[in-house]
Each structure stands twice: as structure tokens, then as C-alpha cells.
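The acetyl-CoA 1 binding site annotation in Swiss-Prot covers Leu81, Ala82, Val83 and rests on sequence analysis. Taken from Swiss-Prot, the feature acetyl-CoA 2 binding site covers Val234, Gly235, Leu236, Arg241, Gly242, Lys243, Gly244, Leu245, Gly246, Asp247, and the record attributes it to sequence analysis. Annotated domain 'N-acetyltransferase 1' per Swiss-Prot: 17-146, in sequence order, evidence recorded as sequence analysis. Under the heading domain 'N-acetyltransferase 2', Swiss-Prot lists 156-296, citing sequence analysis as support.
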Amino acid sequence: MATLGPMNTKVTTTHLYNHRDLREQAMIMLKEVRAIDGVEALSEQFVRGLAEPGLGHTHYTVSVDGRIIGLGATDGETSELAVHPAHRRQGIGRELIDALPTDGVWAHGDLPPAQALASSLGLNKTRELLVMAVEGDALREAAVYDNPAGITNSSLKTAPGTRDEVEGKWLKANNEAFHWHPEQGGWDRNRLTRAQSATWFRETDVLFLWDGDELVGFHWVKKHSDELQEIYVVGLAEAYRGKGLGDPLVRLGLRHMVNGGARRVILYVEADNDSAVAAYEKLGFTVAERHVVYEK
């Protein structure tokens, strides 16, 4: 391990997936941050990176009395960090940002402490991701699904063709829909396989619309619990955009979630994706959280 920064707040560079005791400390701290802030400090991918060497993440820790009270993580392109609420306004966030190698740092929730730190460092907000949510009567109304004429639907488990063929069509539609997206675009078979290794993944929660044997689009659901579920990824193949099929594709997944017991559904969407935000607002979704990237 290498040590960076002044002696009063040492920032240690490490790989937590190689150190079980430190990883457990980090997870405890993240739970305490969640309890106080009301939002997760690290995204799902970065939490997985604490334990999975294959993701190739590097970690930066600050400890007091043998206990981690500050954590940074990077995948080489972007970074995330957390400071325990009891140790904020002590320069720890500044030290972590100085140690992180990327220009962009996520602030999940864009809470006042993060805004204050960004302002003090002269960081600029360059990206904003919205968490939108729907529940109650609005959710039940949004979950009304009418199958478009000439279109069929299936799950990944019941899709026509071999698994290899279906996943190839799924990847093609994904990369057409998200060619512009920094995390969701440019997927290959290995990336899809890693995504399916998540503990929450179920074949029955990946839904498809079909035009014969052509994939129209997909709706991937993430089940946090019976009551709380998520539109994880939804996308249309290029050939089927602009044909009014986006709305039924979203409703197909919402019906699936409501039938599975969902009482609240969330999704993540780029704040500057005006058409998508408007479509979700039309279905009854409202903004619940904001996540931003600040850049040096």
C-alpha cells in the first residue's frame, strides 16, 4: 500500500477486495452514512467493486483509531467517495478528492455537505442524474398495459430462439439505444455476463417486445424488495424508435412489477434527457433524488 497526504489525515491507496477486514469496515461505514444521509454514498457498481477484483477498482481510505472514516473509489474513468458524517468538515473529503486520479467525482444525493465541499474546491457540476419515483394510484394507472398490434412479448426465460441468439439481439438493441451513454453503452457479451451475475438478477425480470423474430426493445427490472422495484434499463432498437412503442415497453415492465407486489417503482434518468423525463412525468413519476458529477 502507498500513503498519500498529510500525516493528520493519511489517505491510503489499496484494493479492498484483497483485505476482508478493511472491506468489512468500509461496508459498516457506508451503512452508517446511509442511515444519516438517507441515500447510498456509492453506486451499486462501486459497492460491487469493493469485493470483486474483476472490476479493477482502486480504493482510497482514511482511518482514525483503526477505523475507516473516509473512502474513495475509482474505476479509472470516474470516482465516488464517502466521509462519515461525524468526521466531515475536517478536510477528509478534500484529501480524498486530491488523491483520486479522475476529474469527475459523483455526489449521490447532491447533499449540502457535498455542495459545500465542491464550492470550496471550485468544482463544477457537469452531469446530473435524476431518481424518479411513482407509487399509489399513479403507479397502478401507469401499469395498465395494452399489447401493440402485431407485437408479442416474452421474458428472457421464455424468449424465442437460443440464449446466445437472444442475448446477441439484446446487446444490439442496448448499444443502439445507449450509444451515447458512458455506463450503459458499448456493452459486449462479457459485460452482459457480469451484469447477470448480480445477486438480484432473474431471467423473468428481463422483458422483451418482439416483431416476429426481431427484437423491438427490452425492459430490465431490478427487484430491491417486493414493495420496491426499479426500471433498471429500458431501451428500443433503432429500427423501432419513433413508432410509439416506448410507452407500452415501459408499461409492460410496470405491469410485471405491480403484479409482483411493487408499491413503489424508481428509475434513473439523465436530467438533460428532456424527452425521457417528460415521458416518465406523463406516467406519474416525480423527482425523488438528484445525483451529480462534480469535476476538478
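Placement of Cβ uses the backbone N, Cα and C atoms for every residue, glycine included.
Sorted by the number of other CB atoms within 10 A, the binding-site residues Leu81, Ala82, Val83, Leu236 start with Leu236, the lowest. The Cβ of Gly244 (acetyl-CoA 2 binding site) has Pro148 as same-chain neighbours under 8 Å, each 6 or more residues away in sequence. According to DSSP, the secondary structure content of the domain 'N-acetyltransferase 1' (17-146) in residues is 57 helix, 37 strand, 36 coil.
Cα-Cα distance from Ala82 (acetyl-CoA 1 binding site) to Val234 (acetyl-CoA 2 binding site): 29 Å (rounded to the nearest whole number). Its Cβ taken as reference, Gly246 (acetyl-CoA 2 binding site) is surrounded by 19 other Cβ atoms within 10 Å in the chains shown.
Neighbouring residues of the recorded acetyl-CoA 2 site, listed in sequence order and excluding Val234, Gly235, Leu236, Arg241, Gly242, Lys243, Gly244, Leu245, Gly246, Asp247, comprise Val216, Gly217, Tyr240, Leu249 (Cβ within 8 Å of the Cβ centroid). The domain 'N-acetyltransferase 2' (156-296): residue composition by secondary structure is 52 helix, 42 strand, 47 coil, according to DSSP. The 10 Å shell around the Cβ of Val234 (acetyl-CoA 2 binding site) contains 20 further Cβ atoms across the protein chains shown. In sequence order, Val33, Ala41, Gly70, Leu71, Gly72, Glu80, His84, Ile92, Gly93, Leu96 are the residues of the same chain, not among Leu81, Ala82, Val83, whose CB sits within 8 A of the CB centroid for the acetyl-CoA 1 site.
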